[in-house]
Amino acid sequence: MANSTSSYLWRKKTLEMVLSETEAEQFKLKKTLTAIDLIALGIGAIIGTGIFVITGVAAAEKAGPAIVLSFILAGLACAFAAISYAELASMFPIAGSTYNYTYIAMGEFLAWIIGWDLILEYVFALPAISLGWSGYFTNLLGSIGINIPAWAANSAWQAPGTGGLINLPAIGILLAIAILNYIGVRETATVNNIGVAFKVFVVLFFIFTAVWYVKPANWSPFLPYGWAGVFHGAAIIFFAYIGFDAVSTAAEETKNPAKDMPIGILGSLGISTLLYIAVSAILTGVVSYTELNDPAPVAKALNLIGLNWARGLVSLGAIVGITTVLLVMFYGSTRIIFAMSRDGLLPPIFSKVHPKYRTPTLAIYLITIATTLVAGFFPIGVIAELVNIGTMLAFVLTSIATIVLRYTQPDLPRKFRAPGMPWTGILAIAFVLSLMVSLPWETWVRLIVWFVIGLFIYFGYGRHNSILAKQQTQH
C-alpha cells in the first residue's frame, strides 16, 4: 500500500511528454507572441497602482529617501527567483508555469499542491484588483459629473450602509477582459501592449517633468530609519514586483520560447525596477519623505510643482495600469486551469480549445464565473492577503525545481542557464521564506484550509484520472 501511494504521489512527467502535449491537435494553442509581447506582459502585470501609491507610503513609514535602496534590494531578491523562471520557461515551452516545472522535477502531488495554490492566487487576485479598478473608475466618472448609482457601485457586503446591491464596474471590467481573452491571445497581447505603452508614458511624464524640481536637501537624512528601515521597506516593496511570473504561463503561445522567455521575464523585471527606482528617487527629492504618507503621493508631488492638472493623467494612468494587471492575471489563470485539465488532474472539459481562436474556452468561462461572483458581491478584504502567500510559495517551488533539475537531469538542453546556481536559488528561497513567516497566522490558516479542500479533490478525482495514472494502468 505504501509503495502504491508513493508511486502515484511522486510520478513525474518527462520532457518528451511535455513536447507531445503541446503538439496534440486538440490541445494546440496559437503561437503568436514575441519577446516584445512578453516584456509588455510582464510590465503589464508588475506595474499597477503600486508605483503611484506604495512608493510614498514605504518612504514615509519605513525607509525615507533610502527607499531607492529598498527598491534595489527587492528587485535583486525578485531577480534571484526570476532567473529560475527564465531557465525553466526556456526549457519547457508549455502552459502552466510553476505547476508544470514542479510536475517534471518533483512529481504529481507537489504539482497538484502548487497548481491548486496558483488557482487560489489568481481567483482572489482578480476580484481584489477589479474592486480597485472599480473605485478609480467611479471616482474618475464622478470628477466629470457622471455618478454611478450607489446600488450599482458596491454590494451590501462590500460597503455596508450605502444601499449597495452589486459592484457593476468590477463585473464589467472582468467581463470585458474575459471576452478579449476568448477571442485570442494576439488580440489580448495587442491591447496589453497599448495599455503598457500608455502607463509607461505616464510614469516617464512624471519622471521627466518632476526631475527639474528636485531639492537635494530633501534627501537628507538619507537613512532616517537606518539600514533596518531599508530592509523593512524592501519587504513591503517586494509585493510591488509580483507579476513577472505570469509571463511564464505564455510559453506555449510564444513563437521562440527558448530565446524569448528569458528576455520577457528578465526584461520586464529590469525595466520595472528602473522605473521604480527613478520614481522613488524623484518623488523623495520633490517632496520630503515626512509628507509622503498620502494615498496619492505622485499626485501630491505634481500639485506641489504647480501641475495640478496632471492629477487626472495620473488617475487615468492608474486605471490603465490596473487594467493591464487584470488582463495578464486573467490570461495566466486560464492557462493554469488548462494545463491541469490537460494532465487529467481537473475535468477534461477545461482543456477544450476553441477551433477558431485556439483559446481554452471552458477555462475562460470558469474563471469568469468565479471571479465575477466574488467581485460583484463578496467582501474580499483579508482573503486578498492569500494572493501574496500563494505567489511566494510559487517562487519557492520554482527555485527548488531549478536546483533539483540541475542535479537530476543535468543533460537537458538549457538555452538559458540561471547564473550562480544553486546559490542564487537558495538566496531566493531564503528571502521569500523570510517574508512568508512574517505574514499573519490567519493567512496561514486560510491557506491550509484551501489546501485541505484541494487534497479532497486530488485524492477523490485527480490521482485516479491523471494522464500518468492511466498510463500506469495500461502498463
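Including glycine, each Cβ sits where the backbone N, Cα and C put it.
TrEMBL entries are annotated by machine, without manual review.
If you look up TrEMBL, you'll see 38-60, 66-88, 109-133, 165-184, 196-214, 226-244, 265-289, 309-332, 362-383, 389-408, 420-437, 443-461 marked as transmembrane segment.
Contact between the transmembrane segment (109-133) and the transmembrane segment (443-461) is supported by 3 or more Cβ pairs under 8 Å, counting only residues 6 or more apart in sequence.
Counting Cβ pairs closer than 8 Å to the transmembrane segment (226-244), the top stretch among 265-289, 309-332, 389-408, 420-437, 443-461 is 265-289. Looking at 38-60, 165-184, 196-214, 389-408, 443-461, the range that has the most CB pairs within less than 8 A of the transmembrane segment (265-289) turns out to be 38-60. Among residues of the same chain six or more beyond the transmembrane segment (420-437), those with a C-beta under 8 A of the stretch's C-beta atoms are 77, 80-81, 83-84, 235, 238, 389, 392-393, 395-396, 399-400, 402-403, 406. Spatially, the transmembrane segment (196-214) is not adjacent to the transmembrane segment (165-184); fewer than three Cβ-Cβ distances between them are under 8 Å for residues at least 6 apart in sequence. Taking Cβ pairs closer than 8 Å, the transmembrane segment (309-332) reaches residues 41, 43-45, 47-49, 51-52, 97, 122, 125-126, 129-130, 132-133, 136-137, 139-140, 143, 173-174, 177-178, 180-181, 185, 188, 191-192, 195-196, 198-199, 201-203, 205-206, 209, 243, 246, 249-250, 296, 298-299, 302-303, 367, 371 in its own chain, all 6 or more past its ends.
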